[in-house]
Amino acid sequence: MDTFNRRDGRLFIENCDLSHVAEAYATPCYVYSRAAIEQQWQALDRAFASHDHLVCYAVKANSNLAVLNLLARLGSGFDIVSGGELERVLRAGGDPAKIVFSGVGKTAAEMARALEVGILCFNVESEAELERLNEVAGQMGKRAPVSLRVNPDVDAQTHPYISTGLKDNKFGIEVEHAESVYRRAAAMDHIALVGIDCHIGSQLTSISPFVDALERVLKLVDRLADAGIELRHLDIGGGIGIQYRDEIPPEPDDYAQALLAKLGDRPLTLLMEPGRTIVGNAGVLLTKVEYLKHTPYKNFAIVDAAMNDLLRPSLYSAWQAIEPVIERAGEQRCYDIVGPVCETGDFLGQERELALAAGDLLAVRSAGAYGFVMSSNYNSRPRAVEILVDGDQAHVIRQRESFEQLVAGETLLPE
Ligand code: LLP
């Protein structure tokens, strides 16, 4: 079944009519499809079936406990970047032995907690971090399992804000310098070298940058093996793109074949950290048109979702499809779809041809990844409700934030 489908002009996710979901739970409202998430994860997992591998879902893309729990049930691993994400994975029933911990700024407390629960690996991004990890593990009488994240200096050909594998990015250790850091790490008492890692960027729509990065990393792996440093796994990172508009992202099978061919017969488990490709096209943001404003210069549809709910259009000029939930006949006009936040940059889409009336529902597509997780309370707007559709059932997986929750933790000065 196509998890997103139209019946008599009405948009459905699986067997749920989205206009009914909006009626029941109000808008703005994120809605995800269980089947779509599971299909994506399984397709990637299947594509690598011929080789020892672990799909470590990048929690940052969508960290709702119910989403993490679905993936944990499939046997997924997880890529985390904070203590908060670690606790989420544990709360959702994820296996700590399948967690990799990325990120440039791990605190000592985060390291200690990850060591305590026994994660699979720390993806270490600098020498200073390596020293700190050695110290923290030493205090706990443990050895920390480590991959060094190397920066292969490959152009991911994506938006500069989400490109991470170039020399002048803050991520990873330059590939030329990495061998000496490996040697240092090998001599540390509380570090166990288990792997190597890279992540070159996000929303990549061609396979060649992944292959280039892998080639560079493998050269280093081979040099390390010659030096007696044998690794167990290679983590190729995340970054597989999705179709927002007319991009043609790599198919899982093509991606797997290209990588496995390069890997050859090296006895390395392949890890990957996909986020967007698992959840991105599995979700929509539902919003209602509050007002239409027609001017001689421009037409605006003012909707009840804003940049605080979905930041990608404002932050990256990202284009996401916007469709009516119930198609209406009538004249189409060119609209900017804007929110109520007091910023000119507060838009969800610009110059969209739509036939609209106040009260209509719109679905912003491809909002399952980097949608809710990047939302904020700017303009004191409570965060949206999240719904997970499973067949004909719609489950609330996060309640809409209340005013009391919004101000919880704030106090007045004493009189
Ligand atoms: N691993 C690491 C170390 C990462 O930094 C990221 C994403 C991933 C994996 C997952 O990448 P994915 O498979 O989702 O492309 N907010 C931006 C995307 C930021 C991505 C940050 N890192 C957006 O909305 O486009």
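Heads up, the Cβ atoms here are built off N, Cα and C, so glycines get one too.
The annotation in TrEMBL ties Glu273, Pro274, Gly275, Arg276, Tyr370 to pyridoxal 5'-phosphate, and of the candidates under consideration, Gly239, Gly339, Gly345, Gly391, the one tied to the same site is Gly239. Here the recorded positions are Gly239, Pro274, Gly275, Tyr316, Cys342, and the one whose Cβ sees the fewest other Cβ atoms within 10 Å is Cys342. The C-beta environment of Arg312 (substrate binding site), restricted to residues of the same chain at least 6 apart in sequence and closer than 8 Å, consists of Ala318, Gln320, Tyr370, Gly371, Met374. Checked against Arg276 (pyridoxal 5'-phosphate binding site), the recorded positions Tyr316, Cys342, Glu343 differ in C-alpha distance, with Tyr316 being the nearest. For Gly239 (pyridoxal 5'-phosphate binding site), the spatially nearest entry among the recorded positions Tyr316, Cys342, Glu343 is Tyr316, judged by CA separation. Calculated from their C-alpha atoms, the gap between Gly275 (pyridoxal 5'-phosphate binding site) and Cys342 (active site, proton donor) amounts to 31 Å. Taking CA atoms as the reference points, Glu273 (pyridoxal 5'-phosphate binding site) and Cys342 (active site, proton donor) are 36 Å apart.
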